[in-house]
Amino acid sequence: MSTSTIRVAIAGVGNCATSLIQGVEYYRNADPSETVPGLMHVKFGDYHVGDIEFVAAFDVDAEKVGIDLADATEASQNCTIKIADVPQTGINVLRGPTLDGLGDHYRATIDESTAEPVDVVQALIDAKADVLVSYLPVGSEEADKFYAQAAIDAGCAFVNALPVFIASDPEWAKKFTDAGIPIVGDDIKSQIGATITHRVLARLFEERGVRVDRTMQLNVGGNMDFKNMLDRNRLESKKVSKTQAVTSNIPDGPLSGKVEDRNVHIGPSDHVQWLDDRKWAYVRLEGTAFGGVPLNLEYKLEVWDSPNSAGIIIDAVRAAKIALDRGIGGPIMPASSYLMKSPPEQLPDDVARERLEAFIIEA
């Protein structure tokens, strides 16, 4: 491990936060000289996974606010698979502001804390946080931007894991650049999820001379993320993010770069409670191949949703800290392009990975 830690604060102690926190324990003593399943980088620059320390957390759920972060990871509606025991942290979950963070389905399911919201900026300063990770529910536009501004005001880097367009918004990007504060965003990809497999296969079609004519991706899951997304009013940015992540990777053809088109349908579809934190994705691509002959591909992907994202966030956090160490402000392009669905700059995945590896070693 390095001689310094990465002091991480979390906004939203749901399943994704749980998998990240447990994952740090699971990989705390991973050998950097070995290829370790589940990690792209045991050491990311000078930082080992075990260098991550959680120093603050914010939530609005009455069952999570005021209790130790370790206990909060297993409280209320959290339902992901357990991969490690988390010792008591000595960090109690703080009451964050609600703003638009609770949709109708959340309000019908959980009790909102009656505690007074804390001063988030001061809490981040007091915790000496290096990086703030936003894990708020989809549709939390106002709340996510509140935490983004809090990160700027507190002088800590920001990792935007949800589909609210901040790093990819020129005005917000300028705010972070002017403040000298790094941001990695927007909307975390999973390690092997529906988005990364769909975009890679769509590009493969085109690179092999097959035109992508139509495609769809239907996702179902049982966690609160999927229940929250039953509210279609909160879903617009998610559909845009997932769709452009796929179509931006198609270099040519009728669907290239399309966000809205009758021949593209990508997005969450339904909530199936007994799936818990599992997600099932059904993907179909229809194309035109040699001689105008149709060629179709259909597949189903089954994953535990939150550990699948934690394997990416664990690198995003370390990329943000490296940028902070180097005094780099604004969107961290190599990390955002490789790790996020809606970065400021969409790149082919192989190119984005090369740039990220170069960033790590300062090439």
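Residue numbers in this text run from 1 along the chain shown.
A Cβ is built for glycine as well, from the same backbone N, Cα and C atoms used for every other residue.
Asp225 (NAD(+) binding site) has a Cβ environment of 22 other Cβ atoms inside 10 Å. Under the heading NAD(+) binding site, Swiss-Prot lists Asp68, Ala127, Tyr147, Ser190, Asp225, Lys238, citing similarity to another entry as support.
Residues Asp68, Ala127, Tyr147, Ser190, Asp225, Lys238 are the ones the record ties to NAD(+), and the longest Cα gap between any two of them is 31 Å. Ranking the binding-site residues Asp68, Ala127 by how many Cβ atoms sit within 10 Å of each one's Cβ puts Ala127 at the top. In sequence order, Ile196, Val303, Asp305, Asn308, Ser309, Gly311, Ile312 are the residues of the chain that are 6 or more apart from Ser190 (NAD(+) binding site) and have a CB within less than 8 Å of its CB. Reduced to three states, the DSSP call for Asp225 (NAD(+) binding site) is helix. Secondary structure at Ala127 (NAD(+) binding site), taken from DSSP and collapsed to helix, strand or coil, is coil.
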